[in-house]
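Encoded as C-alpha cells, the structure appears first; notes follow it.
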Amino acid sequence: MLDTKDMVQQKTWLHSVLFWLIAVALVSTLVAFRYVFMGLGFIKAMAFFIAVDLTVVLYGYLIIKREADLPSANWLTWTMTVWLTILGLTTIFAIHPFVSFWGSTGRVFGLVTWLHLGALFYVMVGFLRNRHEWLTLLRVIIGGSAIVVLYGLGQAIAIPFIAQAQNYRVDSLIGNAVFLAGYLTILLPMTVISALTAETLWLKRGLWTIALLQLAVILLTASRGGLVTVVVTAIILLITWGIRYRRRGLIWISVAVIALALFTGTIVQQYADSEVVQNVTLFRRISQITLSDQTVKGRLLAWQSGWLAWQERPWLGWGLENYGVAFNLNYQPALESISMQETWVDRGHNWVIDTLVMTGLVGLAAYLALLLTALWTAWKLIYRSREKWQTAFGFVILGGLSAMVVFNLFAFDTITTLPVIGFLLALTATHANSSRPKVAGAFWGWATIVLAIMSAYFCFIQPVIVNKTVSRAIVDYYHQDFDVAFKKIDQALDAGTWLDNGIRSRLIDLGGVAYDNVQTDAELKTAVEPYLAQITELVKDTIVHEPYSAFYYNRLVSFYAKLALWDASYLSKAEDALKVLINMAPDRPGSRLTGGHLYTTVGQYAQANDYYDQAIALYPAWGEPYFHKALVAAYLDHPADTESYLNKAKELGYNIFVFDNLNVLAGIFENQSHLELAEKYRRLIVEKLPKEINGYVGLAGFYYRRGQPDLTYDYIIMALRIDPTNQTAQSLVEVLNQIDPKYKIPDF
C-alpha cells in the first residue's frame, strides 16, 4: 500500500540508481534509429529489454541486502500473474510457438516482451513507496512525450535535420502515424489531469503547454481513431469529474461535446466533396468514415476473419503474434478489392478480436479481469479517497486506461505504449488493498538476478551483435564482396537467435536485388549464381519455425520465379511453394494472383491466364486480375484485348493510374514497336501523376530513343524542376549537350 503520509524512507545511492533505471525503462521505447536492419520495433524492444533487465538485476541485489521488499499481494498483482501465466500457456499451444514466444522481428510483441513488462510492473509495485516517486515518474513519462511531440511538430514544418514522415501524416519517433496517435491519446488525459492538479503555477503552465502540443500532434496524425478517442475520453473524465465534485455544469459540457462531435461529423459528411473538407486532412479522413470506405470495409472483414478463426481455437487461441496465420486460414475474398495493406495483416485492429484470436476465451477473460480490476480501483480512488493527490492518481489511471481501451477498438497496442500501461497498472496496484509486503530472502534476490542476466544475454546482447553483423554483411553484399557477406550471414545464423527468420526473409530480398543487378553483366552473373543457390537453401529453414506463414511462401514464389529465368530448375521450386500457398487458404484469390505472376514472369502466358481466371472466379468483383490479364494480352501483342481488360479493371474500381502499372504497359508496347500506345501511357503518367519525377524521366528517355532531342530536353527540364539533383535527368542532359551545346541544365 502506498505511504499516504508521503514519508520518504532512508535510502542509499543504490535506491536512487534503481529509481532512475525504472524511469529510463518507462521512456526507453521512445528510442528511434531509422534504417536499422531489423526495423524500428526491434530498436525499441532492445532499449526496453536492457533497461528492464538492469532494473531487475539491481532490484534483486537490494533484495539480497534486505533493502527492498517483494511486491505486495492484491487483486491486481494476482490478475497480472494470472494473465502472464495464461500467455505462457497460449505460447505452448500456439500454432507457431517460436514466434509466439519471441515475437516477430517487426512488432516484437511476444511472450518475452510481456514478461519484461511484468518484471517492470513487479519491481515498481515492490520498490516504489511514496507519492513523490510516482509523481516524478509520471512527469518523466510526460516529459518523454514532450520530446515526441516536438519532433512531430518538426516533421510538420519540415525542419531539415529531422527525418521526415513517409507521407503527409507525422509519425515522430514512433514510426507510424496511427501508433503515434495511440501513444499520445493515452498521454493526453494523464497530462491534463496533472496540469489540473499541479501545485505550482510554472508547472501548471508547462503541463498545459505539453497537453496542447499533444493534441496538436494527434490532429496532425490525421488518425480518426485518435480523434474519437480524445472525444470519448474527455466525455468520460468530464462526467466522472462532475459526479465526483457535484458539478452539473461539467455533465452538461460533456453533453455539449457529444452534440458538437455529432454535428461536426454530420456537416463534414454532408459536404465531403467541398474544397474545405478535401484540403484539411483530418476533415477529409472523417468524411471517409462510411461503410463504403476501404479502410472501414477492411476492418470489418478482418474482424469477420478473426471471429471465424477464434471458433477453430476457442480456449487458448492461436498464440501471440500468430493473428496473421489465423487471418489467412479464414480469409475473406472481398478483402482483395481493398488494398495490399488489408490483405496481409498481423492484427485485427480491435483489442477484443486480437485478444480473443491470439489467447482464446481464457486469455480474454484474464485480460478483462486485469483491466476491470484496475478501473475499479481507479473508481474507488476517485470516489472514496480523502487525499486530493490520491483522487488525482485515480483520474490519471482512469483517463489513461480509458483512452487505451477506446483507441484499441480501432488499432492495437505497440511496444511504445506498453511501458505506459505498465506504469498505470503498477500505480493502481500500489493503491489497491494489499497485504503488507514481506522482506524477501536471498533466494528470491539471486533468482531475479540470474533470470535477468540470462534475459540480457539472449534478449539483448546476442540480438544486437547479430543485427550489427547482418547489417555489415548487407553492405558487403551490395559491394559484391559475396564471400565476406555470406561468412557474416552464416555467423549470424549460427548464433541461433530469434532474429533468424528475419534474416532469412531479408535474404529473399537480397537474392532478388542480385538477380536484377546482374542481368547485363555475364561475369557478375556467374559470380553470384552459387550465392543465390545458398540463399535458396537458407530460406527453407524458415519453415521449421513458421510452417503456416503464407506471407513467407508468397514472397518465396516471387523469388523463385525470378531465378527460374536464370535456371529452369527453380520453376519447380516456385510451383511447389505455390501449391503450399494455395492449400493453406484455397478460397484466397490472392494466392491465384501469385500463381499468375509466377507464370507471367517465366513467359508461360496460358498458365498465367488460367490462374488469373481462377482469381476472378473466386471473387468476380476484383479488378486487379483483369489488369494482369491486360498485361498478358500486351505481352502476346493483342493491344485490343489489353484495352478491353484495362477498361474492365477500371470499371471494377482498380486504379491503373499508378506509376508501376503505366510504366510496365508503356515498356511492353515500346518493345513491341507499338510506339503510339507506348507514348500514350508515358504521357498518362505525367498527366495523372504530375509530381512523379520518374514519369518525366521515362517520357524523356522515350523521346531520346525516338531521336527527338527537343522533346527529350523539355521533359528533362520538367523533371529537374521537381528535383534538380536527379542524377538520371542530369546525365541525360549531359548526353544531349554532346549532341548540341544548347542543351544544358538551366539555373532554377
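Each Cβ is built from the backbone N, Cα and C atoms, and glycine gets one as well.
According to TrEMBL, the domain 'O-antigen ligase-related' annotation covers 211-368.
Regional average pLDDT for the repeat 'TPR' (589-622) in the model is 96. Marked as repeat 'TPR' by TrEMBL: 589-622.
For 12-36 (among others), the entry in TrEMBL reads transmembrane segment. Panel annotation: around the transmembrane segment (12-36), residues 42-45, 47-48, 51-52, 54-55, 58-59, 61-62, 67-68, 120, 123-124, 127-128, 133, 136-137, 140-141, 143-144, 147-148, 163, 173-175, 415-416, 418-420, 422-423, 467, 471 of the same chain, lying at least six beyond its termini, place a Cβ under 8 Å from a Cβ of the stretch.
According to TrEMBL, the transmembrane segment annotation covers 42-63 (among others).
Here the transmembrane segment (75-96) has Cβ contacts under 8 Å with residues 110-111, 114-115, 118, 121-122, 125, 313, 316-322, 325-326, 358-360, 362-363, 366-367, 369-370, 373-374, 377, 425, 428-429, 432-434, 545-549 of the same chain, all six or more residues outside its ends. Residues or ranges marked as transmembrane segment by TrEMBL: 75-96 (among others).
Proximity of distant same-chain residues to the transmembrane segment (108-128), defined by a Cβ-Cβ separation under 8 Å and at least 6 residues beyond the stretch ends, is recorded for 18-19, 22, 25-26, 41-42, 44-45, 48-49, 52-53, 55-56, 59, 62, 68-72, 77, 80-81, 84, 87-88, 91, 99-102, 134, 137, 320-321, 413-415, 418-419, 421-423, 425-427, 429-430, 437, 452, 455, 459. The feature transmembrane segment is assigned by TrEMBL to 108-128 (among others).
Residues or ranges marked as transmembrane segment in TrEMBL: 140-162 (among others).
Annotation comment: TrEMBL describes 174-195 (among others) as transmembrane segment.
The list of residues near the transmembrane segment (202-220) in space but at least 6 beyond its ends in sequence, with Cβ under 8 angstroms from a Cβ of it, reads 142, 145-146, 148-150, 152-153, 156, 169-170, 172, 180-181, 184-185, 187-188, 191-192, 194-195, 226-227, 230, 282. The transmembrane segment annotation in TrEMBL covers 202-220 (among others).
For 226-243 (among others), the entry in TrEMBL reads transmembrane segment. Here the transmembrane segment (226-243) has Cβ contacts under 8 Å with residues 178, 181-182, 184-185, 188-189, 192-193, 215, 218-219, 249-251, 253-254, 257-258, 261, 282, 286, 382, 395, 398-399, 402-403, 406-407, 410 of the same chain, all six or more residues outside its ends.
The transmembrane segment feature in TrEMBL is assigned to 250-272 (among others).
Residues 75-76, 79-80, 82-83, 86-87, 89-90, 306, 309-310, 313-323, 326, 348, 394-395, 397-398, 401-402, 405, 424-425, 428-429, 431-432 of the same chain lie 6 or more positions beyond the ends of the transmembrane segment (356-379) yet place their CB under 8 Å from a CB of it. The transmembrane segment annotation in TrEMBL covers 356-379 (among others).
TrEMBL lists 391-410 (among others) with the feature transmembrane segment.
TrEMBL lists 416-432 (among others) with the feature transmembrane segment. Panel annotation: around the transmembrane segment (416-432), residues 1-2, 25-30, 44, 48, 71-72, 74-77, 80, 113, 117, 120-121, 124-125, 128, 134, 137-138, 141, 174, 179, 182-183, 186-187, 370, 373-374, 377-378, 381, 390, 393-394, 396-397, 400-401, 404 of the same chain, lying at least six beyond its termini, place a Cβ under 8 Å from a Cβ of the stretch.
DSSP states for the repeat 'TPR' (589-622), grouped as helix (H, G, I), strand (E, B) and coil, give 27 helix, 0 strand, 7 coil. Residues 131, 134, 138, 181-182, 185-190, 192-194, 196-197, 224-226, 228-230, 232-233, 236-237, 240-241, 244, 299, 349-352, 371, 374-375, 377-382, 385, 417, 420-421, 424, 427-428, 431 of the same chain sit 6 or more residues outside the transmembrane segment (391-410) yet have a Cβ under 8 Å from a Cβ within it.
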